[in-house]
């Protein structure tokens with residue numbers, strides 16, 4: 001049946017509007033990444049709490065808008081708790097210092113962990129809560145994870161989590177907020193939803209944008225609190241409390257009915273009597289539910305690191321094949337240690353029952369029949385990417401590089417993110433390279449290093465020093481090289497692809513035929529041979545000469 005003139009015109013109009021909207025979004029994204037100069041950025045906002053400090057970067061920086069991310073630095077003092085919260089985008093957290101514990105509440109998952117009854121809990125039996133004829137003498141909760149320096153933590157979008165510092169030094173956690181992720185169905189403004197306390201706004205730029213949008217909207221009649229029927233008396237339902245957490249906007253009586261508690265408890269949830277910001281101190285710590293002792297895996301991990309530090313460094317042949325194992329026993333020992341690591345590492349949910357391309361055994365079927373949601377409720381959320389034994393590249397004179405992607409840390413496949421930890425020794429060089437399929441956001445952890453970034457026009461868009469506490473965006477396919485200062489340089493790089501790949505310029509040159517190089521660069525045969533085969537086989541190079549070496553003249 002042929003379309004009438006009206007229907008045909010309507011189809012063309014809809015097609016034109018869709019193309020215009022899509023083209024506008026592409027144009028906006030393209031304009032955001034027209035970066036002629038990059039800057040090393042320091043935090044723009046600071047929130048001080050009784051238990052720690054929260055520092056954030058303004059998400060409107062051109063570099064951050066290009067990458068579709070922003071960062072947050074959270075310092076948690078000893079015996080302090082970061083209150084439960086969640087965000088509408090994935091979060092990737094790197095622990096730069098300290099140790100502690102965290103917990104998550106995965107949606108639809110049963111509570112599977114119970115507290116071991118301690119003497120202090122036995123002393124409190126008289127204050128237990130009675131429901132009918134049963135006594136509640138013990139608590140149950142979701143799994144508690146332990147973390148320490150060098151661990152990478154993955155928090156899915158919309159999943160609440162809390163963290164606690166039980167160590168003797170402050171915990172410093174660097175968080176990537178992937179606001180452009182597909183899981184975020186809102187705009188790119190960073191938002192955090194707190195379930196408790198009266199937290200101060202962490203991203204004031206987002207609040208300012210929302211206020212500007214409200215000014216341009218027409219006046220709306222005051223809405224009734226959620227849950228009140230038309231005509232219901234206001235005093236019967238109750239007004240919402242003055243607070244900043246997620247529960248503050250509900251009516252007290254409505255929440256009392258929904259939770260099955262009295263209104264006094266609800267009011268304390270909505271507006272605690274004490275001034276509680278993002279991070280609060282805990283008197284005496286959480287001795288009943290969190291033990292500072294590490295599990296067998298973490299203790300074995302620490303013993304392995306101490307043993308490696310006592311062993312003499314392996315020989316490194318810069319001209320030939322990298323590691324020079326003393327004998328076949330060393331080679332077998334290295335392989336055995338890697339196999340043991342693979343066996344100790346918990347399998348993520350997609351390699352368990354229901355995972356793709358894998359049949360599960362009878363024991364896993366038994367778990368499934370028992371009602372334990374192993375495929376969704378037992379994810380691996382933490383990975384140690386700074387452990388020396390898992391380095392992808394290592395040069396005892398230059399440093400080491402290790403990475404985590406969806407192959408080694410499968411949950412990153414859902415996040416579409418990955419990370420790289422780089423430790424450069426004194427004057428060590430990470431030779432020129434580029435990220436093929438991802439933007440890279442660098443955060444300086446310790447020390448400082450000179451970084452050079454070059455765009456497609458051959459211009460150095462950044463040629464400066466990145467120091468501790470600063471961030472730097474390296475856009476996709478921009479060439480970059482780093483050299484540590486006299487004190488060394490350690491940084492973490494967050495990448496916007498779960499399988500981010502890197503092209504090292506030295507390796508690229510080695511893969512090009514000599515005749516092509518001769519004609520491309522105007523070199524002679526012996527010069528091409530020196531270019532291709534001199535130097536290290538890996539991207540880590542020990543520098544000769546002064547700090548940062550010779551600099552390019554502009």
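Backbone N, Cα and C define each Cβ position, glycine as well.
According to TrEMBL, the feature region 'Disordered' maps to residues 198-243, out of the candidate ranges 152-197, 198-243, 244-289. Region 'Disordered' is the annotation TrEMBL gives to one range among 23-52, 53-82, 83-112, 113-142, and that range is 113-142. The average per-residue pLDDT of the prediction over the domain 'Cupin type-1' (38-267) is 80, rounded to a whole number.
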